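Written below as structure tokens is the structure these notes are about.
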Amino acid sequence: MTTALTCTNIHVDFDGFKAVNGVDLTLDRGEVHFLIGPNGAGKTTLVDAVTGLAKYSGSVVKDGVELRGKKVHHIARRGIGRTFQTATVFEQLTVAQNLDIAAGAGRSPWSLLRRRTVLPDNVVAVLEQIGLAGQAQTPAGILAHGQKQWLEIGMLLVGDADVLLLDEPIAGMGHEERDTTGRLLHEIAETRAVAVVEHDMDFMRAFASRVTVLHAGAVLASGSVDEVSNDPRVQEVYLGASHEQEAIDAATA
Amino acid sequence: MSRFFATRAGVWSGFGAAALVLFGAAPLLLSGFRLGLLAQFLCYAIVAVGIGLAWGRGGMLTLGQGVFFGMGAYLMAMHMKMADAEFRNGHGAVPDFMELAGIRELPAYWVPFASPVFTIAMILVLPTGFAVLLGFAVFKRRVKGAYFAILSQALAGAFAILLIGQQSMGGFNGLSRFRYFFGYNLDDAVNQQMLYFIAAGVLLVVVAVALQLRRSRYGELLVAVRDAEERVRFLGYDAANIKVVAYAAAALFAAVAGAIFVPVVGIISPASIGIVPSIMFILGVAIGGRASLVGPVVGALAVAWAQTALSEQFPSAWTYAQGLLFIVVIALLPGGIASVAALTKRFQAKSATVEAAA
């Protein structure tokens, strides 16, 4: 198990509002690392910072290379892939075309100007892995919601990302799809570092190798599922709040 | 039908049919005057192919193609004026319009345009190079959507105003009264027909280039950038580079069209390259169907033909017809004429399922 990504003392400041306030985070290969926390805790902002979308102070190092100040597409080429809360695929293009584009960031201009004759091997393999081999020629726009999210993950895999930052990858999925996704994440994480921003506590308990809880832009706790759920501070700000909410729901029901 | 045209045989037969019409039927059936008009319309169609690529496939609303069209046209016109003056008064002579404006000395930047090779090289390089520089400046800063459209339109306006102020470029009246096109007398009907054939040939080449760009991996990437630019960036591509290529190709097409337009029509002035002509280019593409390959060509030809036909019959009606046409297409047929086939297919499928259910 090797460290893939190290974030040190990350601060993100939106006109005086400290969205992320001194976060340290380490992502290891072989782990599915969950980032949880209430709304506004800074989870997505942290992902934005690492991928070059939000300006920050501090340091993000991947395999010995500092990423701060690099452009979005340069960071992506360093093997850092991300998905978005709403699945973003190229709806007018087929599943195969989506994956082919994702696999081709290093292509020469000359090969870009020619037609694709056969699908690259890694695209075929990933089509199988994400369970969309039968839909290779389907326009991505008419895929089911869950399938779009799998396609998005597949696009990171063919692009050789080895740090995957997934923003709510199971939003809107049914039970079976969630389990499939969870198993897929562990399969992917065998050789890569996977971070998952998630609200779903059941999914987190079932599939997290490690959990980091963010609150108000800072790390509240970090550790295994059990360590984190037994942390009284976490129960207070996060799980406690939801228990209270459940109590209120039960009372009003 | 559309599936047939996606095959290799379909593509070749499509080009074959177009060549048959352009090189066979049209010269046989049309008078010299009408053929000249068609040559002019073909120039608009060449511009339209580029707009279809940049706007339809790349999502860049290029409201200022008049700039590149104008650059190509003026570069060609400069050479033709130089050649005419040289023929009349010998090497280094001042073109006639400059004499009238009281300019006795040939401006230095006119001198190299005596060379046909230099002129053609400039037509191919200068507008395209300008588009590349402008494209990098704009797309690297992620200027897009309406901001890009306004910027490009303002550029077309500014370019026209700049030319109006330049007496050594013909000012408001532009450059006209050409006698020779690379040594061929423009009064000769045979040479006029040759110009038409050049325009038709260039159109076919430009469509073939656009087709290759669309079907290549680059073409898929361009659509991806149009629909989700940010996503493309997070996959490791520099989206600006991808857009610049399509924008530059559109500029090149427009410049070549402008260069052919000048000998065909016999005049180029700021009125042919400013904001209004630039919008006319867009109008044809929108009506034809911006995202399809042939749609922009059909739209550009249809709009230009309708304008000429209507203005001949009812001189003031065209403006109203143009507005009406635009409203109808935007409201009822956002995919343009090219989407009619797909719409009828969908309609038939729908009525078929209704019948099956009943």
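Keep in mind that glycine also has a Cβ here, set from the backbone N, Cα and C atoms.
TrEMBL does not curate its annotations; it predicts them automatically.
Noted in TrEMBL for the protein shown:
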{"type": "TRANSMEM", "residues": "B:12-30", "note": "transmembrane segment"}
{"type": "TRANSMEM", "residues": "B:36-55", "note": "transmembrane segment"}
{"type": "TRANSMEM", "residues": "B:62-80", "note": "transmembrane segment"}
{"type": "TRANSMEM", "residues": "B:117-139", "note": "transmembrane segment"}
{"type": "TRANSMEM", "residues": "B:146-165", "note": "transmembrane segment"}
{"type": "TRANSMEM", "residues": "B:194-213", "note": "transmembrane segment"}
{"type": "TRANSMEM", "residues": "B:234-261", "note": "transmembrane segment"}
{"type": "TRANSMEM", "residues": "B:267-286", "note": "transmembrane segment"}
{"type": "TRANSMEM", "residues": "B:293-311", "note": "transmembrane segment"}
{"type": "TRANSMEM", "residues": "B:323-343", "note": "transmembrane segment"}
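Long-range contacts of the transmembrane segment (B:36-55) within the same chain, counting only residues at least 6 positions beyond its ends with a Cβ under 8 Å from a Cβ of the stretch, are 22, 26, 30, 61-62, 65, 69, 192, 195-196, 199-200, 202-203, 206-207, 210, 213-214, 246-247, 249-254, 256-258, 260-261, 264-265, 280-282, 284-285, 288, 290-293, 295-297, 299-301, 303-305, 308. Same-chain neighbours of the transmembrane segment (B:323-343): 1-2, 283, 285-292, 294-295, 298-299, 302-303, 306, counting only residues six or more beyond its ends whose CB sits under 8 Å from a CB of the stretch. Here the transmembrane segment (B:146-165) lies next to the transmembrane segment (B:62-80) in space: the count of CB pairs under 8 Å, restricted to residues six or more apart, reaches at least 3. Contact count against the transmembrane segment (B:267-286) (Cβ pairs under 8 Å) is highest for B:62-80, out of B:12-30, B:62-80, B:117-139, B:293-311. The stretches the transmembrane segment (B:12-30) and the transmembrane segment (B:293-311) are not in mutual contact, being linked by fewer than three Cβ pairs under 8 Å (pairs 6 or more apart in sequence).
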